[in-house]
Each structure stands twice: as structure tokens, then as C-alpha cells.
């Protein structure tokens, strides 16, 4: 009898341990966050999914369920750029249901407030910290290989399959892979990886419908070479300077022959001329010491995420990340994809929908370059250039191509949605529902 009780007790403990492990791996619901008054008015889940050999790489995510119809609304897998910028950047500054209150940091936990422009009003969003080393994602062993562009797709695809295995209620929801900035390089590779897996009958089958890219880095040469024409078009350099640059550099401002001293001198003059301009948003004032500045608002995330009470609330594994950094530029990374245009050509054939949008005051990845690589895909236009409106005002311009790609500018917008959050929310709401912009 004693042995039977012992074995029964052991079996119960073993099953309890399995349940606890599953709960930790599946993620847990967060009802309160430090800095926010009262319970959260939306459903937030955080957790880790192990990927790679022996699941040594633990990928951290924030999942916010759609506030409208989560059973049917699209599921967005969101990847922020950088590389190594936490997806919390998008959640808190660009398209999430909460944001930091614009006030001077006084040493206490920064305050959080609700937003009116959350994309989670029309979609469930899975914000992923990737690659490993980003945000709260970590590896149980020291990184054996330097992360790279070409190495992103496989672990993200593995993460998504495992997450959907644990959240089967979202398997039938339309899935879109979304992101901005540098994620424009890797998202097409991820879409291709997921698509190939579906063709190979990988389980679970993913209801992939397309992708969304905001101000996406795509082709190094095209993106960088478009900065000078953009600067001229925005009256940042003179006609004479621009014409001299075109003549001396012959349209190539990146890989300049060292013997072409005239071109190099003109490029130096260009850099000096725009040195006081923010590349991310050319209208952004130099206001480093004002609490409402973007730079100071961005610093609030690091104060907040490094609070012990915050990490406890988010269920971050203790001792895994010494210091949370919003964009961790200290980690080595191999940028081994110079152009993602070939991936776009491949996934265009598959017939996926896509939305590519550009803030028209972004000089980091100018809309001129984005238009250039889209033209290189050689698809006919099915809805030509026209304004799209918000409250009877022009919010930007748009056109749609035969490969189901919609391009849109955001008037007065910068490198990310945070500069025009209301307009980009209305844009994504219309596009996800299949309406014209």
C-alpha cells in the first residue's frame, strides 16, 4: 500500500510538472502592468517559445488579442526592424493599445495610457522579439553563430508553428507577417519560408494571406541612392548641388570610385548640408531636452522595462537578460541579404496580398527608393495614383498593382507609424478588411 501511494504521488507530481511546463511555454495572461491605472482594457499574453536545437533559443513575445472579433479577425506576426529592435517598440510607440504618457522622467515607473489608434482594434497582434538577443529573447547557451538576414526565417517559422500549436483557435485566422524598417529585408524571406512549408504540407498548415511593410529597407543600393534625389525634392539641397552630384557621381552615391574626388567632395558637402536634419523624420525638431521629444519618449521604455516589478509582471525569466535595451546595436549581425527584391518576385507569384507604405518625410528609407524597387517587379497597375482620404483630408497617395500589392504614402509621415498613428491605423483597417484605401 505504501509503495502504491508513493508511485501515485510521484505520478501526480510528474503530471503537475508537465502541466506547469506547458503553461510557462504557452504564455500567461497579464491583467495588470506597472504604470497603468487599473486592469488592462485588452487581453495581453506574454511568454517564450523555444526554437532550435534542444530549444536552446527562447523567443519572447507579447500577444494582444483583437478587441473586435478575435475569432475571425486577422492575426499579424509583427517584427520590428533594427536589426535587434524589440517588438515592444511597435507595441508602445507605433500601433499598440497603450503608450507612455509624455511627461518628464522623475525616477518613478513611467506612466502608461490607452491609445485611440491601436491596430489591435481590428487584428490580433503577435509581437516577437527576434533575432535571439533582442528584447527579452535569449539563448540558454552562448550564441554559436552570428545572427544573419538569411538565418532569421527558419527560427521565426518554427516559432510561429509552435505558437499556433499551442493556440489552435487562431489557425483559421488570416495571417499576415508585418513589420517596418530593417524587417523589410527579412520579412519576404519569412513569407517564403512559411509558404514553402505549406507546400510541403508542414503541420500545422498556416493560413498565410500576405504581408505588410512600413518604410521597408529592401535593396541597399536603391534605398541609399534615393536619399539625394529625395533631399533635393524636399528643398534640402540646391538645384546646382543636385545637378553637380548627378553629373559627377552618375547617380551612384554609394560605391564611389576613390579617384572620383569631385563626387566625393560633393557628397561631403551634402552630408554637411543635411547634418542638422533627422533622417527618420525631416520635420522633427532638435529638442533633446524636451520631455515630449521622440528621443526622450523612447528612453522611457528602457526605464520601464528594467524595473523589477515590470519584469515580474511580464513573467520574464529571472537572470536571462541583464539589461533590456530597446535597440541593441552591440550584438554582432551579418547583413548578408543586399536585396530582398528576388524574394518579392518569388512570393508575388504565389498571389499573396501585400501593403507597402512610406511616410513621405522619411529620408532613411525614402519613398522614391521604395517606388523604384516596386516598379522593378514589372507588374501592371490596376488602380492608378490617387489620394486616399481621412476625414475629408488627403492622408497620402496610393496605387495598386496586379500582384495584389498596394503602395501608399502617408502625408507628413516619418520612418515609423508613430509620426502619423491615426492615419496609419485607418489605412490598415481599410486594407485588412479588403476596402480600397
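Cβ coordinates are placed from backbone N, Cα and C, and glycine is handled just like the others.
The signal peptide annotation in Swiss-Prot covers 1-26.
In the three-state DSSP scheme, residue 85 (disulfide bond) falls into the strand class. As annotated by Swiss-Prot, disulfide bond applies to 85-327 (among others).
Here Swiss-Prot flags 106 (among others) as N-linked glycosylation site, drawing on sequence analysis. A C-beta separation below 8 Å, combined with a sequence spacing of at least six in one chain, links residue 106 (N-linked glycosylation site) to none of the other residues.
Counting only same-chain residues six or more apart in sequence, the Cβ atoms lying under 8 angstroms from the Cβ of residue 181 (active site) belong to 80, 81, 82, 85, 214, 215, 216, 217, 364, 365, 415, 416. According to its DSSP assignment, residue 181 (active site) is coil. Summarising the annotation, Swiss-Prot assigns active site to 181 (among others) and lists similarity to another entry as the type of evidence.
Long-range Cβ proximity for residue 263 (disulfide bond), meaning a same-chain Cβ under 8 A and a gap of 6 or more residues, is found for 245, 248, 249, 253, 256, 257. Taken from Swiss-Prot, the feature disulfide bond covers 249-263 (among others), and the record attributes it to similarity to another entry.
If you look up Swiss-Prot, you'll see 287-293 (among others) marked as disulfide bond. Under the DSSP three-state reduction, residue 287 (disulfide bond) is assigned to coil, being neither helix nor strand.
Annotated active site per Swiss-Prot: 362 (among others), in sequence order. Its own atom aside, the Cβ of residue 362 (active site) has 26 Cβ atoms within 10 angstroms in the protein chains shown.
Sequence-distant contacts of residue 378 (N-linked glycosylation site), defined by Cβ-Cβ distance under 8 angstroms and a gap of at least six in the same chain, do not exist. Taken from Swiss-Prot, the feature N-linked glycosylation site covers 378 (among others), and the record attributes it to sequence analysis.
DSSP classifies residue 415 (active site) as coil under the three-state reduction. According to Swiss-Prot, the active site annotation covers 415 (among others), on the basis of similarity to another entry.
The most densely surrounded of the recorded positions 249, 287, 327, 415, judged by C-beta neighbours within 10 angstroms, is 415. A Cα-Cα distance of 21 Å separates residue 287 (disulfide bond) from residue 327 (disulfide bond).
Counting in whole angstrom, residue 362 (active site) lies 19 from residue 327 (disulfide bond) by their C-alpha atoms.
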